[in-house]
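Record features, source Swiss-Prot:
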BINDING   Lys26, 72-73, 98-99, Lys102, His104, 123-131  5-phospho-alpha-D-ribose 1-diphosphate binding site
BINDING   Phe34, Phe35, Ser127, Arg155  orotate binding site
Amino acid sequence: MTDFRQDFLKFSLAQNVLKFGEFTTKAGRRSPYFFNAGLFNDGLSTLQLAKFYAQSIIESGIRFDMLFGPAYKGIILAAATAMMLAEKGVNVPFAYNRKEAKDHGEGGVLVGAPLKGRVLIIDDVISAGTSVRESIKLIEAEGATPAGVAIALDRMEKGTGELSAVQEVEKQYGLPVAPIASLNDLFILLQNNPEFGQFLEPVRAYRRQYGVE
């Protein structure tokens, strides 16, 4: 059986979502790689991305009753992943939020199925954790329970303290976070594919400086 995490990273490279080189992160760090999930922006790539999410979610073992996608990136992720989960025999409802509340029609900030039971949040990455915190507030305000967070990539790097943004979410809320792939998987990709050999040492150095266990 192939490693879907490695397949996901190779797919991300093919879509130019994952790039190697010299980049500056929002935190001002010089990074040897860059991941931009916004470039999964056509039908086929979104379909394949949703398949990876569905597989990752199922293999995580997280128990959930529905999906929630925080605006804006999470909206399409929740809808597409719900369809792929349904193909795998897991048919669950999904919902998302608006950035601005509507005062007409159905109104409010929530769209889709009512938030009930155990709600799995789905997003592209966890950077500062702001989107997750806002999602948790929305879910709990509706009387539902956050079940965990599914993301595309865990960069596994320190935030302002010693913990990564993912670890901070896990610690603060006691929620499991299920990434399709992580920095460790990226490191394995570089080790096993000589054509990317020139980036192995820069990624190793970056992990040494900013990485978490």
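The backbone N, Cα and C atoms fix where each Cβ goes, and this holds for glycine too.
Location within the structure of each feature annotated in Swiss-Prot.
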residue	record	Cβ within 10 Å
Lys26	5-phospho-alpha-D-ribose 1-diphosphate binding site	7
Phe34	orotate binding site	15
Phe35	orotate binding site	19
Lys73	5-phospho-alpha-D-ribose 1-diphosphate binding site	18
Lys99	5-phospho-alpha-D-ribose 1-diphosphate binding site	8
Ile126	5-phospho-alpha-D-ribose 1-diphosphate binding site	25
Ser127	orotate binding site	16
Ala128	5-phospho-alpha-D-ribose 1-diphosphate binding site	13
Thr130	5-phospho-alpha-D-ribose 1-diphosphate binding site	11
Arg155	orotate binding site	25
For Lys99 (5-phospho-alpha-D-ribose 1-diphosphate binding site), what is the secondary structure by DSSP, using just helix, strand and coil? strand
Give the sequence-ordered set of same-chain residues, not counting Phe34, Phe35, Ser127, Arg155, with Cβ within 8 Å of the centre of the Cβ atoms defining the orotate site. Thr25, Ser31, Tyr33, Asn36, Val125, Leu153
Listed orotate-binding residues Phe34, Phe35, Ser127, Arg155 - what's their greatest C-alpha to C-alpha distance in Å? 13
Can you give me the same-chain residues 6 or more apart in sequence from Asp124 (5-phospho-alpha-D-ribose 1-diphosphate binding site) with a CB-CB distance under 8 Å? Ala37, Gly38, Lys73, Gly74, Leu77, Ile151, Ala152, Leu153
Within 10 Å of Arg155 (orotate binding site), Cα to Cα, which of the binding-site residues Lys26, Lys99, Ala128, Thr130 are there? none
Report, in whole Å, the straight Cα-to-Cα distance of Ala128 (5-phospho-alpha-D-ribose 1-diphosphate binding site) from Phe34 (orotate binding site). 17
